[in-house]
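Working notes, structure below.
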Amino acid sequence: MLSHDRINWYAHGGLLQSNNDQDMSSTKTLNFYYEPCGAGYGSGRYDYPCVACERGTFKPIEGTFNCLSCLNDTYQSMSAQLSCNKCPLRTVSNPRSKSYFDCMCTPGFYYLGGDVNQPCAPCIDGAICDEYNMTIPKALPGFWHTKADPFNYVACFPSVACPGGGFDQCALGYNNLSRVCGECERGYYKWQNACRQCTEGAWYKLLLAVFGLAVITIIFFGISSTKVTHLSSISIAFGFWQILSIFSSFDVQWPVTISDSLTAASLANFNIDFLSPQCVFPEMTFVSKWILITCVPFYFLFAFIVLYLLGLLRAFIVNRTGKYVTLKYKRFKMEEDLSLFRFVSERFHYGSDDSKFKRYRYRLLYALCEFVLILLNMLIWCYNFSLWLIKDGATRRQSRIFLNKIVNSFTALISFLYLFIIQQASQIFVCTRQADMTSTMNASPDIQCSMSDPQWRTMVPLSIIIYVVFGLGYIVMFIVLYLYSKSLFRKENAIKNQIAEMEKSNQEGEILILEEKLEKVRNSFRNFKMEFKFLITRFKIKFFFWELAITGRKLAIAILNTFLPSMLVLIFGLLIMFLSLLLHMQTVPFKKKFHNLMEYIVLISIVLTLFFGLLFFVDDFPTPQFKSFCTVLAIIVIIVSTVIVCLMSVADFLIRRRKENEFERIRRERIREKFGDLQEQELEIEYRKFFPSVFHNVNKIEDQEEWIVEINPLLESKDDLDVDEWTMIINPLSEIVENTTCDYLELEKNKEIEFVPPFYISDAESENDGEDDPKTLNGIISDIFSMKRVRKNLKLVSVGGKKVVKKMRKKRIQ
């Protein structure tokens with residue numbers, strides 16, 4: 001700072017005139033002193049006045065220099081200050097900042113509550129703070145927030161629904177107005193929790209669903225007329241794919257090949273999202289769709305009830321009007337009835353010296369002829385069935401058989417649908433915990449898993465009903481069936497004991513009454529076995545309840561998948577399946593060795609799949625090479641096991657058919673030994689004109705006829721015929737044997753073919769479908785993969801090879 005005299009001196013060029021009169025006559029030079037600018041004031045030159053430091057600057061000491069700018073991360077909001085204030089923690093500022101508000105939060109932080117007067121806080125989970133001075137962070141991809149609650153970042157499911165960024169941002173196809181992008185826009189529908197664009201023909205899909213409901217009902221009703229042994233392998237394979245489909249929804253980093261296989265397996269769980277009802281009814285909400293799908297078992301129950309009522313109505317009408325129909329049933333065709341077979345046999349017949357080309361040509365043409373014969377017999381069957389609908393009614397016994405098969409069909413269908421039913425009911429409890437301690441449904445994130453949400457509150461009662469009826473109800477049903485069967489056994493034994501006592505005292509009247517009671521008890525037990533044939537006859541008698549164990553396994557995995565995170569589900573699922581494997585190895589519950597082996601392979605495959613699932617879920621491999629090795633091994637296990645299960649399902653049917661053909665061959669040999677080759681052929685030709693298969697009496701000759709099974713060489717046991725429907729004891733084959741084929745041909749001219757559909761015929765399992773009685777799994781494997789059989793096949797190959805070598809040598813010599 002300059003003194004007053006110094007200022008004047010500079011102003012007068014270094015000379016100062018005195019105002020005193022005495023000094024007017026002379027000029028006087030005065031002395032001066034230097035005073036620097038103080039702290040907080042600055043001046044760039046000695047001849048400049050000292051000025052107070054502006055805001056954003058400071059001067060800590062006195063001196064002749066300008067004020068200094070505040071450095072980075074500091075500010076000064078007042079003038080003439082000696083220092084700058086440091087910005088708060090986690091903030092930065094530019095040089096020469098003039099205000100506290102010039103201090104900005106660094107990336108990774110934001111102003112707490114969006115208030116710049118609040119300190120900077122770390123960025124919220126689900127958000128990204130990638131800019132300076134952020135008051136409201138942006139949502140990360142896979143998260144969603146709204147302007148009404150900007151600091152609540154909710155995880156989206158699926159994550160692709162939310163691209164992140166500003167408020168209410170949803171991906172293409174997801175409704176921006178819905179909470180957490182949980183709903184699809186118009187023109188889109190949910191498929192595996194993702195929104196996909198509707199395609200043309202949505203109405204056709206819906207009609208297809210209605211048609212499919214009827215088709216599935218008829219198919220499972222047809223299953224009730226089939227031997228259970230043919231369906232066991234299908235049931236095992238179906239359960240295998242259903243269990244795999246559960247793990248396809250986990251957040252596991254599966255290789256693409258495995259992921260595609262598991263997604264394809266989800267079809268076994270009746271995933272019907274592809275029907276896209278939202279494309280037909282755009283206003284349909286998730287709650288409406290969920291209720292519509294959850295009630296699927298009740299739709300099938302209604303369909304079976306309608307089918308039974310239609311059957312009764314048809315029988316009621318036809319019993320009164322069928323006698324006026326004069327059309328007759330047609331016989332099934334045999335090879336001898338078609339000239340096509342004779343033409344192929346005569347025109348393309350080959351000898352032992354003909355080439356392989358001629359042999360294969362003949363076999364191919366003969367196979368085509370057989371295919372034509374099958375198609376022709378199918379048309380005849382359709383004609384007979386159509387005629388039966390308007391011609392023949394039903395007896396009381398047939399109506400009872402019809403009801404039994406309706407019940408068996410529905411229980412078989414529920415067994416296949418069980419996992420789908422439980423998963424659908426559990427869907428509303430599969431929720432994601434959000435940062436604000438609320439939970440949202442994964443299937444529809446706009447719905448909160450809370451009774452305060454009216455949509456969720458609407459679905460809870462129906463879900464509980466499904467759990468009670470199908471979850472707990474299945475267990476109760478098996479307990480009731482067990483107690484009922486025990487009571488029938490006790491009644492039967494008690495009546496037998498009473499009859500034995502009456503026989504000692506020769507009370508014939510009482511014996512007849514007791515025998516009638518005994519027959520009623522046996523009829524009740526027969527109906528019981530037919531009604532629940534699919535559930536109990538696949539297993540050994542002492543393990544008839546094993547279907548309950550399989551159902552319990554499915555129920556446990558479905559519940560774990562609902563209430564536990566994926567990691568724990570994989571761990572406990574691995575434990576459950578391993579215990580199931582041990583129990584299966586110990587009990588060997590199925591009747592047939594083949595089915596026990598197939599179940600064993602399925603359980604091992606699931607255990608290995610869960611093990612690899614744990615590895616890929618943790619995804620902590622020591623080296624990339626080891627991860628690649630595990631990936632290849634997992635692909636081999638899952639793909640190979642899937643192929644093996646499919647092949648075994650097909651092989652089971654073929655093996656059963658081969659065994660049936662073997663039984664038929666043995667019967668033919670017995671007839672041939674007894675009656676000679678020529679008569680055996682004639683007998684079979686005439687027999688098959690009435691009975692296309694010796695195992696199923698799809699056709700029979702008139703009502704008033706009964707086969708004496710004990711002397712009928714074409715039948716294996718009494719179970720092959722429904723004895724209840726025959727009243728007169730006549731054996732046409734006995735007539736043929738006693739007389740001649742010509743007599744029989746004359747006899748059959750006066751007889752009329754009667755057509756009876758399989759669902760009106762009692763189909764108790766025959767003796768050849770009894771238990772294989774495998775003791776252990778080692779016994780099963782040793783029987784199926786017998787070393788004797790391997791040696792025999794090797795020997796045959798060796799012999800064949802020697803023959804080929806001999807032929808080659810002969811050709812060389814020639």
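Cβ atoms are placed via backbone N, Cα and C, with glycine included.
Remember, TrEMBL labels are computer predictions, not curated facts.
Per TrEMBL, the features are:
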COILED    488-531  coiled coil
DOMAIN    63-103  domain 'Tyrosine-protein kinase ephrin type A/B receptor-like'
TRANSMEM  202-223  transmembrane segment
TRANSMEM  290-313  transmembrane segment
TRANSMEM  364-390  transmembrane segment
TRANSMEM  402-421  transmembrane segment
TRANSMEM  464-484  transmembrane segment
TRANSMEM  563-585  transmembrane segment
TRANSMEM  597-617  transmembrane segment
TRANSMEM  629-655  transmembrane segment
Using DSSP, how many residues in the domain 'Tyrosine-protein kinase ephrin type A/B receptor-like' (63-103) fall into helix, strand and coil?
3 helix, 9 strand, 29 coil
Averaged over the whole of the coiled coil (488-531), what is the pLDDT?
81
Mind pulling out the one from 364-390, 402-421, 464-484, 597-617, 629-655 with the most Cβ pairs under 8 angstroms to the transmembrane segment (290-313)?
402-421
Taking 364-390, 402-421, 464-484, 563-585, 597-617 as candidates, which has the most Cβ pairs under 8 Å with the transmembrane segment (629-655)?
597-617
Quick one: find which recorded stretch in 402-421, 563-585, 597-617 has the most Cβ pairs under 8 Å with the transmembrane segment (464-484).
402-421
